[in-house]
Amino acid sequence: STACRRLQSSLKPHPLCARSSSSPGATAGMSEQNTPSSDQALYQAPPSVRGMTVLDREAFTQTVTVPALLVPTGLVNRALKSLKKLTLQRPGVKRVVEEEGCGETHKLVLLDPRVSSLDAIAGTGLQDLGVASEIRHFALRLTYDNLRSEEVLRAVLPDGHDVTSGFSRVGHIAHMNLRDHQLPYRNLIGQVIMDKNPGVTCVVNKTNSIDSTYRHFSMELLAGEDNMVAKVRENGLLYEFDFSRVYWNPRLSTEHERIVSQLRREDVVVDVFAGVGPFAVPAARRGCAVFANDLNPESFRWLQHNSRINKVTDKVTAFNLDGRDFIRGPVRDLLPDLLRAKTSVHVVMNLPALAIDFLDSFRGLLAHEPGVGVACEGTLPRVHCYSFSKDDAPQRDVVRRAAASLGAELDGVCSVHMVRNVAPNKEMLCVSFTLPKEVVFSDTHPKPSAKRQKLEEGTAS
């Protein structure tokens, strides 16, 4: 309308990145037709937030200028569809806003800050409709709520310091692994992570390495509620556990599924380091009989709990033993009858830091049952043993170490699966093989490796 055009021509430019002290939330200012001064980013934090250790959300509020198109109301949906990624993408900010003085006849479509001329929207078809006659500029008020976590942390941490916003999500818990230079800002970082990730109500930071005995680590609460009992869904199953007392890695869901997919109904699964049941429970749901063990009393308790809530208690028999005692006790007692019945048995050993050292427990495991050896031809257990490696040739390294512990050659009779990269120059792998007959029925008794013996002495002291 004529009134609309007169109002637009009378608008004065809004200052780029002018401070605002009004209430939180993205609110729209007026548009103006003068070209704004160049800006490398939509949002440039005020210098006052640098070094902040207690979060002040109001300090991040600013007004910025963004390009916009004046579009007839009836064509707004077509304009959004045609422009696609050329529109403004910002948390909590509407892409279509009212233009004062235009009533219901026209709306402003906010554009990506990198759109500086009509050339950027050539080919969208909007000019043919008479929509894109010029690029306008719109003063948009941004608050903390409209910023991404990376933007907030980059503004706060000292120049040149790494900005982290990555974390592992375990139910309502965000688990971080902060570096030393980030520790002075840890509570602020925790609050930002909680603010920017719906459903996260607790943020913790790992304060030491994983305890090799019970496989859990100490952690510090950074923000939110002090509630470490997590509820997690993985591959369609529910798990509950105290994250501060047990081991759980959300990055292993694909690996859990990979192993379980190899199982057939009526197979038997022996899980030596079962944790809270990420292998044991889905294996039981698949119809397998599962014998699951963990040394950590908390893991043992939650393993039983997870068996109950997933309705597989009739399939899971749980033990609370050292892995070596489990193999040379209950497993040794079970194997003869299973092998005579030619039952397919899978042994899972997911303790990457130490599992290989437990392979010598299979030496002479059934030396007292020489008659079973004849009956079990071709049905010896299949072992899936996990390990870390920092070697330049990690696959060769884990095969060599597994063979040394087992006391049998594995080259050519095993497979190695690369599970994940844990850290620079550190891989997690799974070596799978059928237990050699000459190992299981030999009369060689295992001797603890130097690494295992040192661990046991440290634990006992």
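Every residue gets a Cβ built from N, Cα and C, even glycine.
Automatic prediction, not curation, is the source of TrEMBL annotations.
According to TrEMBL, the features are:
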REGION    1-43  region 'Disordered'
COMPBIAS  1-11  compositional bias 'Polar residues'
COMPBIAS  19-41  compositional bias 'Polar residues'
DOMAIN    167-437  domain 'SAM-dependent methyltransferase TRM5/TYW2-type'
BINDING   HIS256, ASP294, LEU295, ASP322, GLY323, ASN350  S-adenosyl-L-methionine binding site
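This view paints the features noted in TrEMBL onto the structure.
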| residue | record | Cβ contacts under 8 Å, 6 or more apart |
| --- | --- | --- |
| HIS256 | S-adenosyl-L-methionine binding site | GLU234, ASN235, PRO278, PHE279, PRO282 |
| ASP294 | S-adenosyl-L-methionine binding site | PHE273, ALA274, GLY275, PHE300, LEU303, PHE319, ASN320 |
| ASP322 | S-adenosyl-L-methionine binding site | LEU295 |
| GLY323 | S-adenosyl-L-methionine binding site | VAL272, PHE273, ASN293, LEU295, MET349, LEU351, ALA355, PHE358, SER361 |
| ASN350 | S-adenosyl-L-methionine binding site | ASP271, PHE273, GLY275, PHE279, HIS384, TYR386 |
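Cβ neighbour count for LEU295 (S-adenosyl-L-methionine binding site) (all protein chains, 10 Å cutoff from its Cβ): 22. Residues HIS256, ASP294, LEU295, ASP322, GLY323, ASN350 are recorded as binding S-adenosyl-L-methionine; their most distant pair of Cα atoms lies 22 Å apart.
When pLDDT values are averaged over the domain 'SAM-dependent methyltransferase TRM5/TYW2-type' (167-437), the model yields 93.
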